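Copied from TrEMBL, the annotated features are:
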TRANSMEM  E:6-26  transmembrane segment
DOMAIN    E:7-67  domain 'V-ATPase proteolipid subunit C-like'
TRANSMEM  E:47-66  transmembrane segment
SITE      E:Glu55  site 'Reversibly protonated during proton transport'
Amino acid sequence: MTITGIAAIGAGLAAIAAGIGIGKIGSSAMEAMARQPEMHGKIQSSALILAAFVEAVALFGVVASLI
Amino acid sequence: MTITGIAAIGAGLAAIAAGIGIGKIGSSAMEAMARQPEMHGKIQSSALILAAFVEAVALFGVVASLI
Amino acid sequence: MTITGIAAIGAGLAAIAAGIGIGKIGSSAMEAMARQPEMHGKIQSSALILAAFVEAVALFGVVASLI
Amino acid sequence: MTITGIAAIGAGLAAIAAGIGIGKIGSSAMEAMARQPEMHGKIQSSALILAAFVEAVALFGVVASLI
Amino acid sequence: MTITGIAAIGAGLAAIAAGIGIGKIGSSAMEAMARQPEMHGKIQSSALILAAFVEAVALFGVVASLI
């Protein structure tokens, strides 16, 4: 579980991946809700499904740096 | 709990992830509230759910640099 | 509490995280208030909640560089 | 209080954080005042509250480089 | 008061911070004055208050590089 210094940079870069990806999805989801308020529920569930894909890879990248 | 210098860069990069991600989601949430004021509560809860995903990976990345 | 030179770069990067994130949220909050002046209070409280998430990770990243 | 050369880069990066963050908030605050002149006081106080969050982390990052 | 070469890079980065931050605030202040000429005084004082926050961190960063 010891982590070398350079591996930590990899973990940080993987976290940035989640930041960019989920940030862009969430940003557009908010705007979509504003334009179609009655679609609130469907937009939120779709955003969560897509965000889960980004989350999975990002967390995998952070964990990979720990091994 | 000693942290080498280079691992601190990883912690910093992970923090930038939260900055980009939550920044983009929050930015659009503010604009969405301005366009649909009556949707204030639902937009805020959706924004918090999506921000929690980014927060999780970012905090995980910072903690990973500390181990 | 001695901090090596490279760890200071990590603290700087974590501070940039707060700059990007809170900057984007605050920027849109100002514009949202201009468009919906009567929503001033709710927009401000929502902006502070989301900014707190970014603040938490950024401060955690700076402190992590000090340990 | 001696600061190595590389730690100065960290202090510089932390200063950029304030530049990006407060710059974005202030920029939008000016435009918001132009659009809603009668909201001048509330926009200014909201901008200062959010700018204080960025300022706190940025100053903390600069000081961290000095220790 | 001797400054090594790398510390000068930190001072330069801190100066960039003031450039980005005060540049954005000043830019929008000019445009705001052009749109609301009768708000000239209030916009100028608000811009100076916000610019002072950026200036404080940037100057602190440059001084930190000199120590």
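The count begins at 1 with the first shown residue.
Every residue gets a Cβ built from N, Cα and C, even glycine.
Bear in mind that TrEMBL entries carry predicted annotations, made automatically and left uncurated.
With a 10 A radius on its CB, E:Glu55 (site 'Reversibly protonated during proton transport') counts 18 other CB atoms from all the protein chains.
Beyond the ends of the transmembrane segment (E:47-66), by six or more residues, the same chain brings 1, 3, 7-8, 10-11, 13-15, 17-18, 21-22, 25-26, 29 to within a C-beta distance below 8 angstroms of the stretch. Mean pLDDT of the predicted structure over the domain 'V-ATPase proteolipid subunit C-like' (E:7-67): 86. Broken down by DSSP into helix, strand and coil, the domain 'V-ATPase proteolipid subunit C-like' (E:7-67) contains 59 helix, 0 strand, 2 coil.
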